[in-house]
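Colleague: Below you'll find the structure I mean.
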Amino acid sequence: MSRIIVITSGKGGVGKTTTTSNIGIALAKLEQRVLLLDADVGLKNLDLLLGLENRIVYNGLDVLNGECRLTQALIQDKRQPNLTFFPLSSNQLKLPVTKEQINDLVDQLKNNYDFILIDSPAGIDEGFQVAIHTAKEAIVVVTPEVTSIRDADKVIGLLEAKGITDISLIINRLRPEMVKAENMMSVTDVKDILGIPLIGVVPDSEQVITASNRGEPLVLDDKVSIPGLAFINTARRIMGEAVEFIDFDSVTSTNPLKRLIKNLVKRSDKSY
């Protein structure tokens, strides 16, 4: 039986889809059977980051409309045979997918994979509600910024209201030099504010951007890099391993940004 995990963020532009692609491939390299489901109807980008955009013939909407079999819409990654990609829709047509439909598709697939990772749309609208409907676990991706953390707080509330209580945190694009200068939230600050278990910390890096632009997620590179190692370690923690975190958070001080974000979160709308 699959572990069905939705990867979400609330705010767009935090690297959620990049995180999904790298964690998916990292899990596959760790001998797990992984399905990456792009649930961002109309604005899909996971295919580009995986370098699979030219191999898409059918998608989930085609399956639902009876135009193809489910197996025809699944794309096996030739670089990593344990990884399968499933686009829910095309960029050309933004048609609604219902909660019942995504649930039916996942039900047909869940016995064939160890992990199903669902790349959720940014925001908290209907697309988000559909993406989280079939999930049993959630990973919230944030950057150490005011807006990202405030939106993540809202998303966590929505997930809990849906009954998803197994929620983990990934802090992305951390810049240690800014943390030391007290111009960015530290790992400890973000953990304390959001109050959910930390499962990954990924530093900001041009290597991630370059790899994404090539359609080759960083974890595919045989050369060891700090962000690549961070993604792999995150995948290992998802599998239940006790993996020590890279120490990015060596500065302890009273950061004024921490107080600011705490106040913002307290003022945010809690009526989910």
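Any Cβ shown, glycine's included, is placed from N, Cα and C.
Grabbed the feature section from Swiss-Prot, which reads as follows:
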- Lys11, Gly12, Gly13, Val14, Gly15, Lys16, Thr17, Thr18: ATP binding site (BINDING)
Colleague: At a 10 A cut-off on CB-CB distances, which of the binding-site residues Thr17, Thr18 has the highest count?
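Modeller: The residue with the densest Cβ neighbourhood is Thr17.
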Colleague: For the recorded ATP site, enumerate neighbouring residues of the same chain (Cβ within 8 Å of the Cβ centroid of Lys11, Gly12, Gly13, Val14, Gly15, Lys16, Thr17, Thr18, site residues themselves excluded), in sequence order.
Modeller: Ser9, Thr19, Ala122, Val141, Thr143, Asn172
Colleague: Across all chains shown, how many C-beta atoms besides its own are within 10 angstroms of the C-beta of Gly12 (ATP binding site)?
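Modeller: Taking all protein chains shown, Gly12 (ATP binding site) has 13 Cβ neighbours within 10 Å.
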Colleague: Show which residues of the chain containing Lys11 (ATP binding site), separated from it by at least 6 in sequence, have their CB under 8 Å from its CB.
Modeller: Ala122, Val142, Thr147, Ser148, Asp151, Ala152
Colleague: Hey, does DSSP put Gly15 (ATP binding site) in a helix, a strand, or just coil?
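Modeller: In three-state terms, Gly15 (ATP binding site) counts as coil.
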